[in-house]
Amino acid sequence: MGNILTCRVHPSVSLEFDQQQGSVCPSESEIYEAGAEDRMAGAPMAAAVQPAEVTVEVGEDLHMHHVRDREMPEALEFNPSANPEASTIFQRNSQTDVVEIRRSNCTNHVSTVHFSQQYSLCSTIFLDDSTAIQHYLTMTIISVTLEIPHHITQRDADRSLSIPDEQLHSFAVSTVHITKNRNGGGSLNNYSSSIPSTPSTSQEDPQFSVPPTANTPTPVCKRSMRWSNLFTSEKGSDPDKERKAPENHADTIGSGRAIPIKQGMLLKRSGKWLKTWKKKYVTLCSNGVLTYYSSLGDYMKYIHKKEIDLQTSTIKVPGKWPSLATLACTPISSSKSDGLSKDMDTGLGDSICFSPSISSTTIPKLNPPPSPHANKKKHLKKKSTNNFMIVSATGQTWHFEATTYEERDAWVQAIQSQILASLQSCESSKSKSQLTSQSEAMALQSIQNMRGNAHCVDCETQNPKWASLNLGVLMCIECSGIHRSLGTRLSRVRSLELDDWPVELRKVMSSIGNDLANSIWEGSSQGRTKPTEKSTREEKERWIRSKYEEKLFLAPLPCTELSLGQQLLRATADEDLQTAILLLAHGSREEVNETCGEGDGCTALHLACRKGNVVLAQLLIWYGVDVMARDAHGNTALTYARQASSQECINVLLQYGCPDECV
């Protein structure tokens, strides 16, 4: 049925191959074959095992015939080891061969103990009809035999070696051609390399590792999995420690930042359409901000954070009413089934406000009004076990879920306390800001009391609340929208009540006013009808664009032989604000940056800062003067502002990028 290849291992002789014949060269004449009955189990081994000799021989008792000249079992499949008939033939032939060799050993008085000590491992490989005609069988056998001495050298010295049973090794190789030599021996010619398949045995496969060579195919090896450290955050860090109980390390992390009053892992529902729950590391600080991170590592590195401002938010628990003692001015949701979204979208509705000083013991519990759909909502409340929601004033909702009821209630109580503390601090800071802004309010009131500022500069609407900074005028809200469409080059719009007003801006507004501005911008109106409060927006826009964009009503320049730039220099030196505004309205950027003709190289900005006039300095900057310009001595306007001790001019110049020589 097939031939038998016997592999023997000698512990004292190195592995040798015959390069010319292409087969393993034996160093001794003995051939030792052992079956399952003859193995010497428990035989002691030497402490140091040397590389072994491996001999591969083809038995002569069973000669190899060509597959076409031999009788094959009808039910024989590709793998003979899986066929009962092939296994029976193999067992009969191999057992007969072993019995004959054993009888020969007894006749010649050959001791098996000698072989058990001399040879460390013996195994018989059966070559059936399917494996005998496949490629590169020689190299496959060599690769297997190379594994044996390497395995012996790597074994524990205290481990005893037992000769394994005869095993059926099936090789999944391509094709091999066997030729007959003149001396009766068999030689194998290989044509393609292959990888041996796993032997069909019940014993556990040993882990072999053969050094790769050019002529040896890669064997199938079992190697232990190694964890890669390519993506570890820090050198020497253990990624397993970061995954274990991050709550236990909460008190030892976050140095250099505000220590959270509460922190831990919570589940957060994503806002996408999938609505998946992901773990987040959530921190609550005393500044009224709830921050969540993707992991504890991100919190330690202070990256990938998202914050929720609790001052403008409220917390809701499904199936529970909020505690009135811990919430201040919290809107109460209606009993409609729509829930949070409708309440936040409207932004209106009933709300109950309580003083922060009222304690929970003085206020009775509020029972929710009976709802006709209460029975329908019971199953919905059961689904939301440990989750809570944070809803902002804009309607944005964050869903969180804790592991237990107690943990959820602790988070809810802590967040409610921070909401109340944020509202209280907001009230105290607002009162402080009111005290500090009294001077600003008085200054703004003085601007409104100026001549002509009681009406809109363009349509005469009463009590205007909007201003144009570079024009120095007040206007109504409708005209302010038209001024915004002109662009900041022509009009810089700002609200009297909503925006901040620094000192230099208040001085500009209090120095010009509507009457002075209209005397310049409407100096040549030629009797045209000015729009009124009842005029349409189109009429107001037509008037405003003709007045400021086309400059149709602008007063004419004074008759003089000086250029506009020189006139501007003189008006700045004389601090003539009305003439300077007229010249700026008529002039271009080049004319505004004209220097004095006396050789000192000063611009109008240098002269304004030398005088310490912040109004002229600010107007010149808005109309395009170069703040980086230097005079003949290399001085900037900031140098003259420092000489004049004008802090307002210094602030304006630094704000617009004037180089500071003192830094």
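Cβ atoms here come from the backbone N, Cα and C positions, even for glycine.
Positions annotated as region 'Disordered' by Swiss-Prot: 182-216 (among others).
The compositional bias 'Low complexity' annotation in Swiss-Prot covers 188-202.
The feature region 'Disordered' is assigned by Swiss-Prot to 231-255 (among others).
Here Swiss-Prot flags 235-250 as compositional bias 'Basic and acidic residues'.
For 441-561, the entry in Swiss-Prot reads domain 'Arf-GAP'.
Per Swiss-Prot, repeat 'ANK 1' is recorded for 600-629. Outside the repeat 'ANK 1' (600-629) by six or more residues, the chain places 469-470, 492, 504-505, 507-508, 511, 568-569, 572-573, 575, 577, 580-581, 584, 587, 589, 592-594, 635-638, 640-641, 643-646, 648-649, 652-653, 656-659 with a CB less than 8 A from a CB of the stretch.
Among the features that Swiss-Prot reports, repeat 'ANK 2' is placed at 633-662. Residues 502-504, 507, 600-601, 603, 605-606, 608-614, 617-618, 621, 627 of the same chain, all 6+ positions outside the repeat 'ANK 2' (633-662), place their C-beta atoms under 8 angstroms from a C-beta of that stretch.
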What counts of helix, strand and coil residues does DSSP assign across the domain 'Arf-GAP' (441-561)?
49 helix, 11 strand, 61 coil
